[in-house]
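Structure first, commentary second.
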Amino acid sequence: MKQYLDLLRRILDEGVRKEDRTGTGTISVFGHQMCFDLEEGFPLLTTKRLHLKSIIYELLWFLRGDTNVHYLQEHGVRIWNEWADENGDLGPIYGYQWRSWPDYRGGHIDQMQEVLRQLREEPDSRRIIVCSWNVGQLADMHLPPCHCFMQFYVADGRLSLQLYQRSADSFLGIPFNIASYALLLQMIAHVTGLKPGRFVHTLGDAHIYLNHLEQVQLQLSREPRALPRMVLNPEVSDLFDFRYEDFRLEGYDPHPHIAGVVAV
């Protein structure tokens, strides 16, 4: 995960001080790209331990089209609690846009199903895209999408995915996002008969919050370790049939967890 540590170093070396909506303050750079080849291992950060359970359940929650935190809470995942209303609702965020994007005719488009169809029928298409940035519904979202646009690409039997992320909390959020979209890539490759290729992560405003600077320095002092391997249940053939028990992580030997307060 040298690419990730290089991002942190670049922000510290080149970043500018900026104010933000949370009032915390950041050091920020604009425009950065990382690339992870899944043949080299599953890109789960090793310079601090990550809570894989939260990553998996959040992704399954998105794929369900769910926008209420009750499903997450039932499984001990609390990462969205701060933005939910008293009923647990978050508005038309990721899951809704992925599975139920409103169309011009009064219906809805299941973007994930369309991706699966295109990969099977039109793998060379340049339109295999999922977008979460629905301008007409941003005001109803409790948190507008940070990771908002993905495109799939097939070459030589390998599936790659590029993600554009407009806002990148580089200490807390980015490690989760890397693992989540790498896992989504692996899952979609699995059910479409392709091999997982590269996850390309393109960042807009990549920042470190000022209250995370000590944690970042600690992380940069640690030597990265070998990447683990993610094994999927070979019996699962439908993307929406995956359950938590269908994922097995092998060889994960990270440094200890580093705590940080999320900026809300």
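Every residue gets a Cβ built from N, Cα and C, even glycine.
The dUMP binding site feature in Swiss-Prot is assigned to R21, R126, R127, R166, S167, A168, D169, N177, H207, I208, Y209; the stated evidence is sequence analysis. Here Swiss-Prot flags H51, D169, A263 as (6R)-5,10-methylene-5,6,7,8-tetrahydrofolate binding site, drawing on sequence analysis. Marked as active site, nucleophile by Swiss-Prot on the basis of sequence analysis: C146.
Feature annotations (Swiss-Prot) mapped to structure.
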residue: R21; record: dUMP binding site; Cβ within 10 Å: 8
residue: H51; record: (6R)-5,10-methylene-5,6,7,8-tetrahydrofolate binding site; Cβ within 10 Å: 13
residue: R127; record: dUMP binding site; Cβ within 10 Å: 9
residue: C146; record: active site, nucleophile; Cβ within 10 Å: 18
residue: S167; record: dUMP binding site; Cβ within 10 Å: 19
residue: D169; record: dUMP binding site; Cβ within 10 Å: 22
residue: H207; record: dUMP binding site; Cβ within 10 Å: 28
residue: Y209; record: dUMP binding site; Cβ within 10 Å: 23
residue: A263; record: (6R)-5,10-methylene-5,6,7,8-tetrahydrofolate binding site; Cβ within 10 Å: 20
_binding-site residues clustered about A263 ((6R)-5,10-methylene-5,6,7,8-tetrahydrofolate binding site) [Cα within 10 Å; pool: R21, S167, D169, Y209]_ = R21, D169, Y209
*Distance from the residue listed as 'active site, nucleophile' back to S167 (dUMP binding site), taken between C-alpha atoms, in Å*: 5
*R127 (dUMP binding site) to C146 (active site, nucleophile): how many Å between their Cα atoms?*
21
*For the (6R)-5,10-methylene-5,6,7,8-tetrahydrofolate site made of H51, D169, A263, how many Å separate the two farthest Cα atoms?*
18
*Could you tell me the C-alpha distance between C146 (active site, nucleophile) and H207 (dUMP binding site) in angstrom, no decimals?*
12
